[in-house]
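Asker: Dropping the structure in here first, questions after.
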Amino acid sequence: MGKVLAAALIGIAAALAAERLLAFRNRLNATREVDPVALPNCRLIKGIEAGSEDIDILPNGLAFISSGLKYPGLKSLAPDKPGEIFLMDLNEKKPKASELRISRGFDLGSFNPHGISTYIDKDDTVYLFVVNHPHQKSTVELFKFMEEDNSLLHLKTIRHDLLTSVNDVVAVGPDSFYATNDHYFYDFILMFLEMYLGLTWSNVVYYSPKEVKEVAAGFYSANGINISPDKKYIYIADIFDHNVHVMEKHADWNLTHVKTLQLDTLADNLSVDPDTGDIWTGCHPNGMKLFYNDPDNPPASEVLRIQNILAEQPTVTRVYAENGSVLQGTSVATVYNRKLLIGTVYHRALYCEL
């Protein structure tokens, strides 16, 4: 009897493990291959060799680019080099990327930048919020952009018990923001188990010096986050659920769910065109390839443009896609004056004229 029971339990465990593996592969789009969509006027951005995970463009055409992310389980092309923030002026005829100098006193050696967001105050001061992972922790670094000498003045480091595994932020004030925690755990083994078991423990947190609180939960992996031009809605990409959530923002900073747009790809960071309200997102057609790191079968790239997301039937257009021969692991796409920047988790960056 005992042997029969043991065999039954082993069989049940094996069946559950197989079901979880299948679900995990589906969340990663493990069998998808991308059909190419080419853009004619593109070039790789010189100087960006180790990632361009997130990009934020000011209304005047200055683009901030985070580079050098080291993320658990993912490849890094410069594992021993600190992260950097680059600047590009998209008004120039041939824009170039230049590294921004960061003020003394900031720990550059452990700088590991992830998502970024800018905020322009009433006096035109530009603040740059940078998700940082020093020593496998999560902080948000607040900088002031010093345009006269193209540098960043570090103002403060933000830590909080609710900011556990921060992926991205969207600034809503000079010292306040919404942040996505892409996992409950940050340790890679526990993070993998969380993904494998399909736990929906990821969330969104609102932070200000006076109040910190969870404002949305129940995501497989809340990733990119941004805000509508009218500041009424917050957009959240759940990368492993293949969708974008629209949340209404209230006066008390709480969020309520409005709708979910389902996609057939893994949407990473979200950028919003301030003129049209269109959402642009860098996507991973097949997330499994990000983790396998096979040089003969690299992760592909994909860029989507989402128009009229509040409509009953939003328009989703594949603007760019390729098999990884040019760009590997696209994480962001953003536009300014018919110029498109496409960034990656750990690879190069692309500049295109539309």
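Here the Cβ of each residue, glycine as well, is placed from N, Cα and C on the backbone.
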Asker: Which of these, Asp54, Asp230, Asp238, Asp241, does Swiss-Prot list as part of the Ca(2+) 2 site with Ile116, Asp168?
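Answerer: Answer, per Swiss-Prot (Ca(2+) 2 site with Ile116, Asp168), from Asp54, Asp230, Asp238, Asp241: Asp54.
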Asker: Please state which member of Asn112, Asn150, Asn167, Asn337 Swiss-Prot lists alongside Glu53, Asn223, Asp268, Asn269 for binding Ca(2+) 1.
Answerer: Asn167
Asker: Quick test of reading the record: Swiss-Prot lists a disulfide for Cys352. Which of Cys42, Cys283 is on the other end?
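Answerer: Answer per Swiss-Prot: Cys42.
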Asker: Can you give me the Cα-Cα distance between Asp168 (Ca(2+) 2 binding site) and Asn29 (N-linked glycosylation site) in Å, rounded to a whole number?
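Answerer: Asn29 (N-linked glycosylation site) has its Cα 22 Å from the Cα of Asp168 (Ca(2+) 2 binding site).
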Asker: To see if you understand the setup: which same-chain residues, six or more apart in sequence, place their Cβ under 8 Å from that of Asn323 (N-linked glycosylation site)?
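Answerer: Result: Glu33, Val34, Pro36, Pro298, Ala300.
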Asker: Nearest to Glu53 (Ca(2+) 1 binding site) by Cα distance: which of the recorded positions Asn29, His114, Ile116, Asn254, Cys352 is it?
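Answerer: Closest by Cα: His114.
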Asker: Report the member of Cys42, Ile116, Cys352 (the recorded positions) whose C-beta atom has the most other C-beta atoms within 10 angstroms.
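Answerer: Max Cβ neighbours within 10 Å, all protein chains included: Ile116.
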Asker: Hey, of Asp54, Asn223, Cys352, which of those recorded positions are within 10 Å of His114 (active site, proton acceptor), Cα to Cα?
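Answerer: Close recorded positions: Asp54.
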Asker: Taking the Cα atoms as reference points, how far is Cys352 (disulfide bond) from Ile116 (Ca(2+) 2 binding site) in Å?
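Answerer: On Cα coordinates alone, these residues lie 21 Å apart.
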Asker: Using a 10 Å radius around each Cβ and counting other Cβ atoms from all shown chains, which of the recorded positions Asn29, Asn167, Asn254, Asn269 yields the largest count?
Answerer: Asn269
